[in-house]
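*Asks:* Taken from TrEMBL, the feature domain 'PRMT5 TIM barrel' applies to 7-175. Per TrEMBL, domain 'PRMT5 arginine-N-methyltransferase' is recorded for 185-346. The annotation S-adenosyl-L-methionine binding site is assigned in TrEMBL to Tyr211, Lys220, Tyr221, Glu275, Asp301, Met302. Residues or ranges marked as site 'Critical for specifying symmetric addition of methyl groups' by TrEMBL: Phe214. The active site, proton donor/acceptor annotation in TrEMBL covers Glu317, Glu326. Feature annotation from TrEMBL assigns domain 'PRMT5 oligomerisation' to 350-517.
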Amino acid sequence: MLYHPLLQEELAAAQYFSVARVIIRIRNGNSTNLIRIAASTLNTLYFAYWFVFPTCASGNFDDDNEAELQPWLWWNKIYKLLDYHGKVYPVLELSADVPSEQAQKRWLGEPVRAVILPTKIFTTNAKGFPVLSPAHQLFIIKLIKLKVQFIIKGINPNDSALFEPYLQYLKYITRQTEPTNRVLEAFTHGYEDRLQVPLQPLADNLESRTYEIFEKDPIKYVQYEKAVYQALIERYDPKTTVIIMVVGAGRGPLVNRALEAADRAKYKVHIYAVEKNSMAIISLYAQKQEWADRVTIIHQDMRSWQPECKADIMISELLGSFGDNELSPECLDGAQRYLKDDGISIPYAYTSFISPVQSPRIFSELLYNRDANKPYYANFETPFVVYLHNCFFLAETKPLFTFVHPNFATPIDNSRYEEVEFTIPATGTMHGLAGFFEAKLYKDITISIEPNTHSKNLISWFPMFFPIREPVTLQANSKIKVNFWRCCSSSQVWYEWTVIEPTTLPIHNPTGRSFSIGK
C-alpha cells in the first residue's frame, strides 16, 4: 500500500499540535514502505522521528548474538533509507536480558535519544523499592553519558505513589555517572563530537587564548620537564653549560620547564627561545627580566635562523592530533642543522595510529552542513579534530607513520604510504578513521593520546577524524583494508586515504584538493 490514511492523519495531527517528536515502534526489518512515508515528511514537517527498537529480537536465531544484532540492522537500514537525516533517532527498549558488551558498544555509537524501561524488568529490593540488575545499571550509566531521556513503561505517571520510586531510582543511577576523570570532563565538556578544523601554526600565527588553552594541560609539560631532567643528568657534565634550543617557543612554557629541570638537576644551561610569531615574542620578552641572561630570545622562523652556536638539546612542541599534521617533521628537519653531532631532540620520535570508527552522528553533520561554495565531496575529504564521544571503535588501533629526529636520511623524504588491515570483531558501519599519536620524548618518557597508552590527564589534543564519503557496513570477523598517504610538495603537505576491501572507495583528497597544510 503506497498510501496509509491513518498514519498520514496522525502525522498531520502531530504537526497541528506542534508535537516535538513522533514515536514509531519497529518490530522487524520489513519497514521500507513505512520509512518512505517518513522520508516524504522530513523536510516539510517540524517534528523528529523516534524509532523504537528492542535490544534483542524475538524469533528463532542460531545464537544470542544474531538476536541482538537484528534490531541494530533494522535501525541501520532505516537510517540509510532516510539518508542519515538529523531528525531521525533510535530509541531502545530494554528487556530482562542485557545486551552483550559488543552490542552495547554498537548502540553507544548511534544517536540514541531515549531508553524505555518496562517496569517488568525491575526487581524489588529488601526495602520494597524497584531496582535493576547490576548489568542493567552499567548499561544505563553508559547511556546516560549520551544524555538520553528515560521512559518508564507499564505505570501511570499520574499515579505519583507508584511512579515516584522509579523516578528516585533513576536519579540515584544518574548520580553514579559522576566523572571518574574530572580534569578531562571539564576540558572536553561541550566539545563532544564537535568538528574543528585543525590548526596550522606554521602557516598561521596562533592567538594568545589558543596558547593559554594548551598551557593549561596538567601533564604535558610535566613530561617535558622529566625528559629534560633525565637527559641532563644522563648525558652531560654538570660542570659545563648545556645549550638548549626551544624551537617554536610560543609564550614560553617549555622554556620555563627546561629551566626548572636544570635547577632540579643543578646544571647550568643557556636557552635559545626561537619563535616566529610577533605577538608571542611580546610574551617572551615580558619574562626576560625573570630569565635574565639564561635565555636568549630569537624572533625568527626556526627553518631560516642561523645560530651562532650549536645545541646539545633541541626541544619542541610542534605535534598535532595526528602527530605530524602540524608539520613537525618539516620544521625539525629544517632546524636540526643547529644540533651538535651528538645532540638530541625532545621529542625524538612520534607515531600516528588509525582505527576504523562508527559515528553516524558525525557523518550526518558532514552530510547536511556543507559549504555551498565548495564541491559536494569537500567535507568528506577534510580531516577534523574532534573529541569522539558518541562513537563505536570497530577495531583496535594500528600504527601508521613514524618520524624520528634528528633525521639522518639523505635525501630527507617525509612522504609516506601504508596499507593497513584491520580485523572487525563485531558487525558495524564504518564512517571514517580515527587518528591518534604517541610521542617519545626521551627514552621511555612519553606523551600519548593513543587509546591503549593514553597519558592520564593529557588534554592538549583531541583525536583526528578522517571521513569517508560512503559508509561501509562490516560483518563480524571480517577484514578491512585501508590505504593511507602523506603527500608533500614544495609548499604543502596533505593526506590521501581510501578503503580497498571489502569494498573500494574513491581516493579521498587527491592532490590535496579539499584540504592541505601550508608550509
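Using N, Cα and C of the backbone, Cβ positions are placed for all residues, glycine too.
For the listed features, I'd like the structural context: burial, neighbours, distances.
*Replies:* DSSP classifies Tyr211 (S-adenosyl-L-methionine binding site) as helix under the three-state reduction.
Reduced to three states, the DSSP call for Glu317 (active site, proton donor/acceptor) is coil.
Remark: Glu326 (active site, proton donor/acceptor) has Pro198, Leu199, Gln200, Pro201, Leu202, Leu318, Leu319, Gly320, Ile517 as non-local neighbours, by Cβ distance under 8 Å and separation of at least 6 in sequence.
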*Asks:* Of these recorded positions, Glu275, Asp301, Glu317, which scores lowest on Cβ atoms within 10 Å?
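*Replies:* Across Glu275, Asp301, Glu317, these recorded positions, the one with fewest Cβ atoms within 10 Å is Asp301.
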*Asks:* For Tyr211 (S-adenosyl-L-methionine binding site), what is the tally of other C-beta atoms lying within 10 angstroms of its C-beta?
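*Replies:* Here the count is 18.
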*Asks:* I need the least crowded one of these recorded positions (Phe214, Lys220), counting other C-beta atoms within 10 angstroms of each C-beta.
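*Replies:* Counting other Cβ atoms within 10 Å of each of the recorded positions Phe214, Lys220, the minimum falls on Phe214.
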*Asks:* Helix, strand or coil by DSSP: which one applies to Lys220 (S-adenosyl-L-methionine binding site)?
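*Replies:* SS state of Lys220 (S-adenosyl-L-methionine binding site) = helix.
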*Asks:* What is the separation, in Å, between the Cα atoms of Met302 (S-adenosyl-L-methionine binding site) and Glu317 (active site, proton donor/acceptor)?
*Replies:* 13
*Asks:* Work through the binding-site residues one by one (Tyr221, Met302) and point out the residue whose CB has the fewest other CB atoms within 10 angstroms.
*Replies:* Tyr221
